[in-house]
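Positions annotated as domain 'Inhibitor I9' by Swiss-Prot, on the basis of sequence analysis: 29-106. For 112-603, the entry in Swiss-Prot reads domain 'Peptidase S8'. Annotation comment: Swiss-Prot describes Asp142, His218, Ser534 as active site, charge relay system. If you look up Swiss-Prot, you'll see 386-460 marked as domain 'PA'.
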Amino acid sequence: MSKTILFLALFLSIVLNVQISFVVAESKVYVVYLGEKEHDNPESVTESHHQMLWSLLGSKEAVLDSIVYSYRHGFSGFAAKLTESQAQQISELPEVVQVIPNTLYEMTTTRTWDYLGVSPGNSDSLLQKANMGYNVIVGVIDSGVWPESEMFNDKGFGPIPSRWKGGCESGELFNASIHCNRKLIGAKYFVDGLVAEFGVVNRTQNPEYLSPRDFAGHGTHVASTIGGSFLPNVSYVGLGRGTARGGAPGVHIAVYKACWSGYCSGADVLKAMDEAIHDGVDILSLSLGPSVPLFPETEHTSVGAFHAVAKGIPVVIAAGNAGPTAQTISNVAPWVLTVAATTQDRSFPTAITLGNNITILGQAIYGGPELGFVGLTYPESPLSGDCEKLSANPNSTMEGKVVLCFAASTPSNAAIAAVINAGGLGLIMAKNPTHSLTPTRKFPWVSIDFELGTDILFYIRSTRSPIVKIQASKTLFGQSVSTKVATFSSRGPNSVSPAILKPDIAAPGVNILAAISPNSSINDGGFAMMSGTSMATPVVSGVVVLLKSLHPDWSPSAIKSAIVTTAWRTDPSGEPIFADGSSRKLADPFDYGGGLINPEKAVKPGLIYDMTTDDYVMYMCSVDYSDISISRVLGKITVCPNPKPSVLDLNLPSITIPNLRGEVTLTRTVTNVGPVNSVYKVVIDPPTGINVAVTPAELVFDYTTTKRSFTVRVSTTHKVNTGYYFGSLTWTDNMHNVAIPVSVRTQILQRYYDEN
């Protein structure tokens, strides 16, 4: 799992070239989840955890050796080193909701905010109306922070909010009294879960700081994207020059380091969430996720997020980087806001001029001098032009020349290294779009598609002495560059809860320019361009900060609804949004959820699909949680209704029907947050072959009526099993268009897998 700055799909973003080397411990770490706290006193909560372990292990010494963390603020539970049989024994205790094995999570700019319309240019802009996020606190759970970055300076900041109960922890090369300020108001680190599971990290192989300081830069990049201060004249290898800032430059940032050398222990992440809830964050941002989709009740971040959301804290989290394959989406709990990644209207065209005077525009992040004209070669037998064979079969014909190769799969750094080691001067790589550009000032590496690669190959074979010139990359932005869902972005449908649409929303996550640790191999003056849903997540978190500033009384689900129902389904220029992959197609809700985030529209959505904890309880009932389990989660006696509710009635800003056979009726409720006296009419764009009827077709709101419910009757005309078809349901008052995606699959034969 060792990759570097190609930003490949294995990580949510690639930030360092490491291989974890741990000493394997005998016992494993398990999280014993007990639900809502029974005591307000944290010490009493911890004592109850010790007593439970004592009943199993038999001595105080064994308890102290076993316990890793006590979760005692946002919820109750503990992490402990247990054998498999001990974990089974403790899971059978009546007060235990779930015993969850420890999981390793992977860590998944100047132009971004202007592209989305979040500009400080006028007094009526979202940024100005929200006072740039001032007095809001965002918690970032990631790999730490590089506090010296100017993006975290506190010039112009007032006092830290009085409600803040957190603080800063000193550690290796991190002095709390020096490195924290009125902007960076919190910094803590959590590593005990990782160490308890795998032993002490080998810091010779995996350099790290035992403190909140960020070694690799992932967390620094994320935090500065959310709320970095204004910093003029920033560029990256001379490209993308402009004023760098986060989405909410006035926000207070609290950093919780739970990720080490690219990996995050679930026990550590859960402890970070517990502390953040206690400290008083208003929003949580997590650019991380499991390598495979997990059920919410066995997934650490989902457990922590449930309690955060129940306390009014929105949780924004990455969709994952396992795309473009279907059903790869992770972080699928209905109470979190799951973010996919798109490109933005910026690219870096790089001119390739052949000896026949034909110029091809590839893509690169190359800030070096012009190269050429020099020789151009295509490695024939035994390489057959395959990029992946270059390193295994060094070829002397590459010396002093630019090499053309074709990549059948996601390319690796080995191809670039092979050309450099053979004395090559540059590399032109024909491949499927992966948004994996290596920044460089010395060695030009240019990406093109297979069609353009074939054109170059024809030229090479048409002349005895092919030559080529490669110019430095340029920055191009505006309507001539279309928006696409990134190839790496994980896709729906949701394999864990198919009736819950995931992702929820998309945001720019390709070549995002933000602050970085100087240790990073891609650092250029304290900044770097990175790609991944890790980078898209803080873009959405920044918007959530601004919405929270303007609407402090809105619930997490209200904020999610406002974002989803106002999203662009075309890009800001009005052009269609495509989804990159092995073949390019028009994007659909499984690629981008409600669409591309539209911050200015989200401020005034008109109507919202709101939810409370009671709605999530109905979800738990619908997916067969027991009354006892739900009661433990909530800390109060709860009985599911009989008959059990339908998951289709969960008041989400989307409708997803995975197994339609005949007809189904579902319900939604909307709350008016726009003009008091409003009349909305429904507009239906049904999926192909699907009939959709809404009753009533008109919703009237006034001073006494702020909520209205409606039913949606859905039936199919298909006579065979189909794939998903997509449409939309929109309420409009001619000023607001409140749109939700509709996704329907007909299943005449139930639970049938068709390989044809």
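Cβ atoms are placed via backbone N, Cα and C, with glycine included.
Non-local contacts of Asp142 (active site, charge relay system) by the CB criterion (under 8 A, 6+ apart in sequence, same chain) comprise Met107, Asp214, His218, Gly219, Val222, Ala223, Val255, Tyr256, Lys257, Ala258, Cys259, Leu286, Ser287, Leu288. In the shown protein chains, 31 other C-beta atoms lie within 10 A of the C-beta of His218 (active site, charge relay system). When secondary structure is read from DSSP and collapsed to three states, Asp142 (active site, charge relay system) falls in the strand class. The 10 Å shell around the Cβ of Ser534 (active site, charge relay system) contains 34 further Cβ atoms across the protein chains shown.
Across the domain 'PA' (386-460), DSSP assigns 26 helix, 18 strand, 31 coil.
Residues of the domain 'Inhibitor I9' (29-106) grouped by DSSP class, helix first, strand second and coil last, total 31 helix, 26 strand, 21 coil. Averaged across the domain 'Inhibitor I9' (29-106), pLDDT in this predicted model comes to 93.
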